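Undergrad: Pasting a structure here, questions to come.
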């Protein structure tokens with residue numbers, strides 16, 4: 001038998017919302033103090049009656065209960081119950097009895113919101129719909145210093161792009177856009193200028209994939225690629241996919257998408273009055289900066305590792321992971337032979353900074369995540385400092401080691417077959433993982449034998 005305690009989950013939620021997990025969730029949309037309890041029992045006569053009797057003896061009032069066959073163990077049933085908030089004082093004793101007398105495995109979210117609470121995180125790729133529209137800035141609204149603030153045509157256009165993102169749901173094809181001539185002109189200026197630097201300044205992986213994007217995705221000076229075409233291409237390369245977004249997401253939400261190999265991508269383009277400047281990510285930054293390297297297996301895995309590390313992490317570690325992301329995925333340099341090349345999207349989409357970062361002006365340091373994670377950075381001018389990775393694989397291992405220091409009571413892995421995050425917090429989940437690894441090792445050994 002196993003149980004999980006959740007606080008403030010929202011009384012409208014059903015057992016089916018929780019999938020097959022023992023769930024670590026704090027749902028911030030309900031603050032009424034109610035408690036929900038998930039537990040599983042072996043399918044035998046009187047099993048549920050024992051638990052209900054335990055509740056009665058401890059003056060616990062059930063306001064809702066539902067059941068279903070367990071998705072983890074065929075001989076068990078799962079029960080989802082709502083407990084009256086007045087039952088809170090008895091909860092500690094109930095959990096103690098479940099653990100010691102009934103042999104339950106209990107996972108509890110703290111009832112003290114000031115400490116130890118695990119933040120909510122998406123468990124299925126469909127749950128990205130929950131926060132994709134919770135943007136922090138821009139979208140259809142522009143600040144007064146934005147180049148397009150006084151342009152009514154540009155503002156109306158931005159609203160069109162925002163509406164596309166707001167109405168999008170996972171599984172739908174990304175709507176195609178008929179870009180205007182002025183938008184194509186802006187793209188062409190950026191594309192032509194940056195492409196002239198890629199062979200000498202961009203990393204090998206970037207230059208390897210860029211011709212394929214030209215061939216299969218319409219990366220041309222006179223054409224703005226469609227996100228749906230690019231997303232389909234990415235999925236065939238690394239399993240990454242694009243999802244339209246209206247503006248900037250919080251660090252937690254954005255990194256959470258990477259855990260599912262989903263990149264939240266803007267569809268609008270910068271204002272034509274300043275083609276070489278944008279105060280926000282736009283389609284030039286996304287497609288010319290990010291997309292080529294999301295097509296590389298090693299870099300895609302590295303990016304996903306950052307996302308997985310963010311799931312359920314405390315706020316202070318989200319800030320550290322966001323800083324690591326900034327100095328790697330956005331503004332990273334790497335060694336290649338005797339040279340140093342750029343792989344960060346912020347560099348590969350900025351003509352001026354791409355030249356500057358490989359000059360003698362900035363300071364270069366080796367990538368050490370303990371130091372990188374707390375390094376201050378600027379968002380209004382070129383970076384005075386860049387971190388140099390030995391390789392994508394080296395950076396990936398460093399992220400894994402850093403993730404091991406994050407204080408959370410579980411580990412996670414992504415299941416690409418079900419597109420779910422598996423929380424590894426019980427022996428059943430570990431057995432499933434071990435079986436999967438054993439199967440992969442068997443394939444590896446068989447292949448090695450045939451190669452010999």
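In case you wondered, yes, glycine gets a Cβ from its N, Cα and C as well.
So Swiss-Prot lists the following for this protein:
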- 16: phosphoserine (MOD_RES)
- 36-114: domain 'ACT' (DOMAIN)
- 285, 290, 330: Fe cation binding site (BINDING)
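Distances, neighbours, how buried they are, the whole picture for these features please.
TA: The 10 Å shell around the Cβ of residue 330 (Fe cation binding site) contains 21 further Cβ atoms across the protein chains shown.
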Undergrad: Indicate whether residue 330 (Fe cation binding site) is helix, strand or coil by DSSP.
TA: helix
Undergrad: Identify all same-chain residues not among 285, 290, 330 whose C-beta atom falls within 8 angstroms of the centroid of the Fe cation site's C-beta atoms; report them in sequence order.
TA: 281, 286, 289, 329, 344, 345, 346, 348, 349
Undergrad: Report, as a single number, how many Cβ atoms besides its own are within 10 Å of the Cβ of residue 285 (Fe cation binding site).
TA: 22
